[in-house]
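Only one structure is covered here, and it is reproduced in the block below.
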């Protein structure tokens, strides 16, 4: 939150600098942001995501020193990085596993936002910037997956760029313009490499805006009641820097487990076969983090409708602040909505399962994955377009604490906090 | 004003003239911007060498009955299938009114040098019209091609029969240059 500056330069040199470029003051004020004291561990994913971005950029720039973006050499150059380049195996695996970890963290971050109503006023712009970051992340991940030039790289790129061919009238021209040819080929690989290098810096810039917007409105919190009195908050540093660091350590343990024990578990074996434009793998699947959207794409028999649904699944997130009519932010106080939310999370996993399987196969009890993905897609959209808009009008929320301080009164033997007179929102 | 000897122009403003200059400068700027943006976007289109890889010759005479040749053309596979009599009969025996993308089998063939159709040779771009995967031959519910990506079934004439693909497999522009050689592209 933009408030009074508490920074006081201690040395003459610091004072000299402060009068010319107060960059240290800016950083100091930034990190001392008053933060709700009741934040739980779901609020640590912001810091974890920042770390993920840094890891991807650092390892990515290093991989760029050894990678060759040419259809004849790309596949071999990645194998060379894994086998011959000093510590190349570590850099390549970190980058590949890191992409999955990045998405794992971003999904936790997004579900947190959905459950605790972090998208509601006054945080709409903060939420929309987050949606934009997610969109650019997906583009970056897709472009990056093409670069190793394996079978999944090639056919994934063919299928995804095929979406643009479904645009009425100009589709084919648009697709060939994107590919730089009649099909995915060297021109495509080159431009994908160029854009894959560019987009992370766009993500970094958007993250800057995201954090800026966060500092204007302040963090939301598990009870969704705004800060009212001084005892509601603690300075971000050291209280939440330390808490974030603990979460980062746990996260890095999971990261390290995959990195050192199962580096290929999150990828697909077919990507160890060099790209062959004459042969399609029997079963094309995207990376796990795209599976739910892939299931939505396949849930309708019409090509254009499938693409529009898939785009809609992400577009609906952008307008969520205006779809959810409830003034109550946290689902802790929404006894009905929270169950619909848990079902929503459940169906997201079901969609992921459907995306990984063949549509015509049986899921269970004679139900095909095709039908299952249709049911799940229906719920996905109903949650945003029907359930949240209607529920906000008819649901009777539980009574909320008057303040964050009030909400933690019962907790242990803490001294009595100052009295709160402000009513609940 | 008087001390400096300068004329104070606010007294003699010509609003119409200012609007004209504003619009003219804006329009010139927009045109200039567009002329810069166009090359920036057009560079992504097909390069001259890509366009130059236009056509290929295929000797269809070497393909045995019931066999299929797969050739790379413009970065995508072209199927040349020497169809069996049963396959041709099956393709011609379809009521085209029930097809998602109606086309007779004959309309998907090209006449040879003698002016007659050669129904035994079916030439198609082997790219599923759904999302561009390569369909598998002699597969699917209609004895033609089956796309493993999203389950589109094509018949023995390469026409879409079932699944998400919107159109029949594309017949590329080609012609017989002799009795057994075709030129694709």
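Glycine too: its Cβ is placed from the backbone N, Cα and C atoms.
Remember, TrEMBL labels are computer predictions, not curated facts.
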Which range is transmembrane segment per TrEMBL? Of A:357-375, A:376-394, it is A:376-394
The annotated transmembrane segment range in TrEMBL, which must be one of A:13-40, A:41-68 | A:41-68
Is the transmembrane segment (A:89-110) packed against any residues at least 6 beyond its ends, judged by a Cβ distance under 8 Å, and which are they?
-> 42, 45-46, 48-49, 52-53, 55-56, 59-60, 62-63, 78, 81-83, 130, 134, 137, 141, 144, 251, 254-255, 258-259, 263, 266-267, 287-289
